[in-house]
């Protein structure tokens, strides 16, 4: 089922009995009368699934406005945060809403929050449904949710409805809302360049405002190993860029706690067996082709890595498993998230072929795929034993040269994440029966379009006007509309589409660091956030990126006012 089709079918269920002008699916439409232009809208982003606001009325919040909520370890801090926000933000939209605020209506005194299941944990599939009702009379508005995580989504919507000084809010308003996709995330690479804890917290806060729920933390790579693993301290002590560029267990605990209070899961990725050159600083004996030049000749097939920074763990060295099991165990202890991302991408044949032990194995009839199978078969069961679902990049199954047989990847315990060939690879994965997370580089890679980053590249010698040599491998730059219009279940049957858990945009950090972080992420990531929450089409099935333009501009302006630096 495509995003547009999913949204359309929802309207058949929820909207048919109610008049066209009584149902408005975006709070960006709520302040003008429904017959007026949408350009003066006040936004809720992402667009809610169902909004009823038959008459453009609003009233002020009380100076003593409060929120009434049951105590919850993570929801209560969110309630306090949103209460402060709606009292003090005093947001003034770019275009003043045409709705008039009733001076005679009594101000709204309280938002009453009701939760059905307070014990539901934050994990994949957690129910994020909520409803919000704000009447014209009476001192109380009502936010009802199945879980604390749905309540956090509803609180964000409530906060975006409030505007002005003194603050006002629309009335006679009803919203029902829930995401189309359960997994909506951002990948941040903190190995190639280091990001401080505050940068990560700011990113998680902005994600929550966009109703994204997974911070996929690509912590380690060949370039650096910045995570302090208690049982293997030398990995960070020697493999990080320096003592001030290490994430301690207390840093991780702070980030995880912050994520919980914002309804955002923190999914760790420890990429292996490829992308592990930094491990050689502590354990050179378990890393093949470490410190070697990545492209020894002119033939791309002879490369030792996909980019500078060589090194693959050696699956034929038993010490490899002593080290990596310590890492997996400690990471699982530090991160309560039930998914563990093991990487397993971009195994470069030349790197393993450069190792004498692996050379001997190959000369006796072994294959590189068998080397990878040994690694997967030795680590995946251990990850599963820690009650984790394993996420790998698609390469482990789809690579042209080095891949494992599907028998090594139990479908009930394995998720494959796509990054190549757009809908084609998504189709291959779900046809094989695997759940998938979509991060197609053609649509979702935010680092693309800034040119190649390597030095000593003769392609740059050309002086021809308009010459395109030296472009980045994943050009062009992914504009927000490219992201917004991507249907991640394109070409899939209804049953196949059910295996698509959702999507993640990715910011790889060869050419990104904290100075450009917010601008690279926002507002383009907001485009994905809306499509995965409520779709990218209107109720007639037409792509709504044109209508979304003004709303996104307004939302970006509000995000900046809240501290996003993009």
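Each residue, glycine too, has its Cβ placed from N, Cα and C.
Remember, predicted model here, so these are calculated numbers, not experimental data.
The active site, proton donor annotation in TrEMBL covers 346. Taken from TrEMBL, the feature domain 'Beta-hexosaminidase eukaryotic type N-terminal' applies to 44-161. According to TrEMBL, the feature domain 'Glycoside hydrolase family 20 catalytic' maps to 181-535.
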With an 8 Å cut-off on Cβ-Cβ distance and a minimum sequence separation of at least 6, pull the same-chain contacts of residue 346 (active site, proton donor), or say none.
274, 275, 305, 306, 393, 395
How do the residues of the domain 'Beta-hexosaminidase eukaryotic type N-terminal' (44-161) split into helix, strand and coil according to DSSP?
28 helix, 36 strand, 54 coil
Within the domain 'Glycoside hydrolase family 20 catalytic' (181-535), what mean pLDDT does the predicted structure show?
96
